[in-house]
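Peer 1: One structure coming up, written as structure tokens, with questions to follow.
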Amino acid sequence: MAIQTSNLGYPRIGLQREWKKTLEAFWSNKINEEQFLTTMKEIRLQHVKVQQEKGIELIPIGDFTYYDHVLDTAYMLGFIPSRFSEFTSYLDVYFAMARGSKDHVASEMTKWFNTNYHYIVPEYEEGLQISLKDNRPLRLYEEAKQELGVDGKPVILGPYTFLKLAKGYTQEQFATILKQLVAPYVQLLSELHAAGAQIIQVDEPIFASLTKEEVQQAKEIYEAIRKEVPNATLLLQTYFDSVEENYEEIITFPVSSIGLDFVHGKEGNLNAISKYGFPADKTLAVGCIDGRNIWRADLDEVLTLFTTLQKQVQTKDLIVQPSCSLLHTPIDKTEETHLSTELFDALAFANQKLEELVLIHSALTQGTESISNELETYRNVHHTIRSSAARNREDVKAARTALKEEDFSRPLPFEKRYELQQVALKLPLLPTTTIGSFPQTTEVRQTRKEWRNGIISNEQYEQFIEKETEKWIRYQEEIGLDVLVHGEFERTDMVEYFGERLAGFSFTKNGWVQSYGSRCVKPPVIYGDVAFINGMTIKETVYAQSLTEKVVKGMLTGPVTILNWSFVRNDIPRKEVSYQIALALRHEIELLESSGIRVIQVDEPALREGMPLKEKDWDAYITWAVQSFLLATSSVANETQIHTHMCYSNFEDIVDAIRALDADVISIETSRSHGEFIDTLKHTTYEKGIGLGVYDIHSPRVPSKDEMYEIVEQSLQVCDPKYFWINPDCGLKTRRTEEVIPALEHMVQAAKDARSLLKTNA
């Protein structure tokens, strides 16, 4: 039996975020197109070289992108919206689709399955000519071969997942469009095979959650492709969960290899193999290293997995690989020497995970004695972190044990609370507000950097933050907003900020991962029990409230979002970690309330993304996610108004969960998803406070008052004006001041026009 090492995808951003910096330099015209393409090629080849040097045999090619791999596929297949037809060059069209332009909105952006990565949603339009517009995988395959002598493994997004992720067609059209994808995929695969590609990875993560009918439909497409490209060696790759429900059919697909996730789908995939076996004429690609977390693998557990598989699987070959692309992990832990030894030793970033694959390969091909020293080291590391004081706090355990049913609910129902809040807050009809953050200018970032480096004192930094806060309180008053925010100038990141102030968290210096486009985040590491230490937002919020007679809302990140946007310890259930965070936030919310803050927003933008892929697993997740939010927010008085915020999700799946949060007001992204949630509300009722975002803050364009008014008008057809709020889609941290002020002025004017119309029609 031949055993090979493989990788599914490598982080794009570069060890020092060179990729991000190159993109942003190009967008701001600091480098020209030639410089951009040259630098990107250098980064791309360096990533291939690293994997080659680590000993990976099947190196992914084509996983590198200038923005997003789904967008790459859309462009490659000609899924280019007609509104971008005025652009002629590849990069102009590509980035207009991703980011919008002065006159045109960008394509929608949403979460990649249940991760914190965002992809650009492909758009289908009537009359679209689907064809292979650009065989990018072929170019990159030949580049790696010529420049580095690497015969790589081209990686492409499969036709079924691609079309399932796209929008703009009816369900009745799906089968017809799917068949139209056969020809370009045949051409793509034929050209790769002709160029010498030994194996081609076709990603179909959607296979984890298909119906029987959909799997049959997908199989027919693969049979049509195989008929035209009989000799190409295809690896059908699944990840993020098991394919247990459809395994029996999937193993009959006309492909040479099948990749399964034995981390996030371990139980289901093992059950399926035990029941149905695995074809002797196919190669099994075993996703055995967690591609979504940062902890060292349990090598004993992984080797036990292979022992089990080798007893049950009569395959000719095995491939050792991560559970999914390493896109979701930082690149290398070597710079994180500031961390405690017990934590540093327990980590494995992308490069360390590649080394783990090689270790496992050695154990499988040469025997476990060949890695006996490494096995002993790994066992000691796991024992040390499991038994650490940080993971065994008695006070945290006692607080969890003491929870009672009444800790998870507000005293009065929403309608009665809202009446009391209206009396207390005295807000107009259709109140206006923002989501929380204001522009983090170069000056803000530079001043924070100087403070962190000890160049300026704590007092100087606090004075600067107060100056920025007062400036934006005045801007908000002049614009005419009804509920103000302090602006969050003291925060780098909405999760990192809280993690730095809670027990149980640690932070990397260079643990960046891509969120969307050039936007990178540095997730906190939850390595121990989470507990409240001191007030985290009191000082800045109370100061902002002291500057104005208007209501200022406190701003917190919710427990489920902190959980889902962190790298989380894997020794206890995620539910328990979420409850620990909720208890800490509950303390903070009580402090805000006792300090006179009457509106408190607890953001949960990541609630939806944490949902399991399989519908049968949704209820369990939603139950503890909602309970976590309620645990954090339910101890306040009825007169205190709790807000929450969500963005970029498939909301129709969680309308009931949103309702169960029992927030007094929820603000939701609407504009970039082109009114999708408004459509959802046409088929259901939402009887609590709600603000549907009236403009897309991820695009630099300033929308007109009329555009926003149109969204307000559409929203009021499905929402009760008594409970309706007007706000942007998300926080304004990434926008420039000259974009923010006119956009908010237009928004306030749209609100005034809507109020006038409502009064006229009353």
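Just so you know, glycine gets a Cβ as well, placed from its N, Cα and C.
Sharing the features that Swiss-Prot gives for it:
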ACT_SITE  HIS698  active site, proton donor
BINDING   ARG17, GLU18, TRP19, LYS20, LYS111, ARG519, CYS520, TRP565, GLU609  5-methyltetrahydropteroyltri-L-glutamate binding site
BINDING   ILE435, GLY436, SER437, GLU488, ASP603  L-homocysteine binding site
BINDING   ILE435, GLY436, SER437, GLU488, ASP603  L-methionine binding site
BINDING   HIS645, CYS647, GLU669, CYS730  Zn(2+) binding site
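Walk me through the surroundings of each of these features.
Peer 2: The secondary structure of ARG17 (5-methyltetrahydropteroyltri-L-glutamate binding site), as reduced to three states from DSSP, is coil rather than helix or strand. Taking a C-beta cut-off of under 8 Å and a sequence gap of six or more, ARG17 (5-methyltetrahydropteroyltri-L-glutamate binding site) has these contacts in its own chain: TRP512, CYS520.
Here SER437 (L-homocysteine binding site) comes close to VAL485, GLY487, GLU488, ARG491, MET494, GLY731, LEU732, LYS733: these same-chain residues lie at least six apart in sequence, with C-beta atoms under 8 angstroms from its C-beta.
According to DSSP, ASP603 (L-homocysteine binding site) is assigned to a strand segment. Counting every protein chain shown, the Cβ of ASP603 (L-homocysteine binding site) has 25 other Cβ atoms within 10 Å.
On its own chain, CYS647 (Zn(2+) binding site) has PRO605, ILE668, GLU669, GLY693, ASP729, CYS730 as residues at least 6 apart in sequence with a Cβ closer than 8 Å to its own Cβ.
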Peer 1: Within 10 Å of each Cβ, count the other Cβ atoms and name the one among the binding-site residues GLU488, GLU609, GLU669 with the highest count.
Peer 2: GLU669
Peer 1: Roughly how many Å separate the Cα of LYS111 (5-methyltetrahydropteroyltri-L-glutamate binding site) from that of ILE435 (L-homocysteine binding site), to the nearest whole number?
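Peer 2: Distance between the two Cα atoms comes out at 19 Å.
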Peer 1: In whole Å, note down how far the CA of ASP603 (L-homocysteine binding site) lies from the CA of HIS645 (Zn(2+) binding site).
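Peer 2: Just about 5 Å between their Cα atoms.
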Peer 1: Of the recorded positions TRP19, GLU609, HIS698, which one has its Cα closest to the Cα of ASP603 (L-homocysteine binding site)?
Peer 2: GLU609
Peer 1: List the residues in the vicinity of the L-methionine site, defined as same-chain residues other than ILE435, GLY436, SER437, GLU488, ASP603 with C-beta within 8 angstroms of the site's C-beta centre.
Peer 2: THR434, VAL485, MET494, MET555, GLN601, HIS645, CYS730, GLY731, LYS733
Peer 1: Can you tell me the CA-to-CA distance separating GLU609 (5-methyltetrahydropteroyltri-L-glutamate binding site) and HIS698 (active site, proton donor), as a whole number of Å?
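Peer 2: Here the two Cα atoms lie 19 Å apart.
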Peer 1: Which one is closest to TRP19 (5-methyltetrahydropteroyltri-L-glutamate binding site) in space, judged by CA to CA distance, out of the recorded positions ILE435, GLY436, HIS698?
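Peer 2: Out of the listed candidates, the nearest Cα belongs to HIS698.
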